[in-house]
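Everything on this sheet refers to the single structure shown next.
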Amino acid sequence: MEIAALLTSAGINISICIVLLSLYSVLRKQPANYCVYFGRRLVCGGARRYDPFWYERFVPSPSWLVKAWETSEDELLAAAGLDAVVFLRMVIFSIRIFFITAVVCIAFVLPVNYYGQPTVHKEIHLESSEVFTIENLKEGSKWLWVHCLALYIITSAACLLLYFDYRTISKMRLGHITGTASKPSQFTVLIRAIPWSPDQSYSDTLSKYFTNYYSSSYMSHQMVYHNGIIQRLLLDAERMCQSIKHVAPEINCKPSLTPCTFCGGPTATNSFHKLSSEGDSVKGMELGELSMTTPEQERPAAFVFFKTRYDALVVSEVLQSSNPMLWVTDLAPEPHDVFWRNLNIPYRQLWIRRIATLVGAVAFMFVFLIPVAFIQGLTQLEHLSHAFPFLRGILKKQFINQVITGYLPSVILILFFYAVPPLMMYFSTLEGSISRSIRKKSACIKVLYFTIWNVFFVNILSGSVIRQLNVFSSVRDIPEQLARAVPTQAGFFTTYCFTSGWASLACEIMQPMALIWNLVAKAISKNKDESYETLRFPFHTEVPRLLLFGLLGFTNSVIAPLILPFLLIYFFLAYLIYKNQILNVYITKYESGGQYWPIFHNTTIFSLILTQIIALGFFGLKLSTVASGFTIPLILLTLLFSEYCRHRFGPIFHKHPAQVLIDMDRADEMAGKMDELHKKLHNMYSQIPLHTQKSSSKGECSSPFASQELPDPEKLKPEEGDAIAKELWGYQGSESGQEREDKPCPSASSPEHLTPKRT
């Protein structure tokens, strides 16, 4: 690929980013869009302000960038939880390591590659991207020691940063466990595969078992019931109640005269009568009356409550029966994290479901080979023109050739990839995950494998076939074949960074789907006070994208370092944009407790080892025995480092330390908090919560940051003497202790709008 094609793709994507970011800085100031760009703040800590017309609302400003930069990690932890902090730690790690990598490789490796052969160079924009790769070096070159030294520096810096970050995040996870002492999940065990008995119900069987074997620690249990028609009707009624709340009063309260159907006379009537929002019709009813549960509706699963955290931990880790398919125990997820629908799945079906989803995911990977091969054909039009002569006419038009080979392939690949995350989330649901966080983590791993395979390996393989290179004939030839293929795809990987990186970040901050839906609701359906839904951060799409760019950066660092400055720009923009979105848009209702970091750590180690294997293949192709000899120990040292971190920090992310839980139990017993905690356990895992519980839980921020209010991202200073501007930016905080529930999206014509509170 020529540099001119890369510059064309870069110019198009830079223009898109500038336009979208400028448009975002204007749209976020419009009162009608608050529910799109400040969804989290509207739910977690609203305030009111008066918003008349003001000309600065229509002028782009970088104030949101400044605010995102100034927000500290402690504020982010209090506002969005540990998973958000871990994700931004991934971005910070990427900025640090690729800054070091870019400095080393641009300063030393790139000049060696460019002047590797004594040839007459063209102007930069007319050069081929392969001139800047290691492929430009001649065989037996003495300058290959520069690449070997750079590889050692990059690996050492990456392992050092990984170690310190792993250690810090491990401490944060322990703080996450100890800092939320009132978590009901620490006292609760989810038990599945309860044996069926014709003489008694599942509840009686469970009570008899735990009374017999855990009489000193067992308290009570809550059965899981079948989601029948009664439950669905109750959920539909709750949604209808929420919808009626937000109908404009001038529409639903005006009496009107309509002709009687039988006598034809006028009859006064209302469109409908709005009941009070306190749920009087269900107030005082017992949970059993609401859910109409019977022994026939019981499922072989239940939440079992214990007196101490340590008792629950022991029960969850011990094999309960000689038959491992019965009395299966796990620590329960948080109440908001429970995926109730999957608890109805019989445990004996789970292994079949996992195999079926694995087969489905692998089959989809092979089906995806078709669009990837087509995309590679667009990037290799010069080679395809020999087999298809009609393409030569297209290649003569320079600008069209640059757009087709430089910009279009990455755009098409991204469009095809939009179908991947929903499908992988569906596969993870079919697996039978007991919690939403586990389901999202499973989908994240599937999307990660799919992305690395199709974007990296399949592109390399299909490109090699089109170029008529020898595909892997044996395992021994893999390093050499990768070394030949990776430099040829450096241009495509760079354009993919532009399109999937820069442009995707601009689309992420614009929230186009939410913005269009908001405009449709206001302009077409005339709904000025509709309720809005808060979003959850899409870890299953953003973590794989981050790791893919890390893989591309490592594998191209000493091979084709031209991609590094563009990757560094992407990671820096990602830090600001993702932090802004986490603070303003996405709400944390459940989290995994930092369990995405081991995925990041293991994938980074894989990227480093793959980079070393590719470099080893190139050193062999260039007949440099010294560089090859020094690379082999580096691979072994990286594997040893990975194994050490797996044993030193890995167990903290999979198990709860007994020492910590026992200390927490003793502290609560001395403070007299145990009885209060025990009273709350049973109602926390109600499958159909009462109206008051449901209304208070809807849209609430997850503990311990439910009442946290952050500063307003806007720091615009109005002109002096402008009374309207001063009135515009004057905030009034909401009353303390106000019950949080779904609030209507503020409309542009309303004199008062919910906005973030300024402190």
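Backbone N, Cα and C define each Cβ position, glycine as well.
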Among ranges 506-525, 626-645, whichever one TrEMBL labels transmembrane segment:
626-645
Give the one range among 6-27, 355-379, 546-578, 599-620 whose Cβ atoms make the most pairs under 8 Å with those of the transmembrane segment (626-645).
599-620
Report the listed stretch (6-27, 355-379, 599-620) having the maximum count of Cβ pairs within less than 8 Å of the transmembrane segment (546-578).
599-620
Tertiary contacts of the transmembrane segment (6-27), as residues 6+ beyond its ends and Cβ separation under 8 Å
33, 36-37, 57-64, 125, 129, 399, 402-403, 406-407, 410, 491, 494-495, 498-499, 502-503, 505-507, 509-510, 515, 566, 573
Over the domain 'CSC1/OSCA1-like 7TM region' (353-619), what is the model's average pLDDT?
83
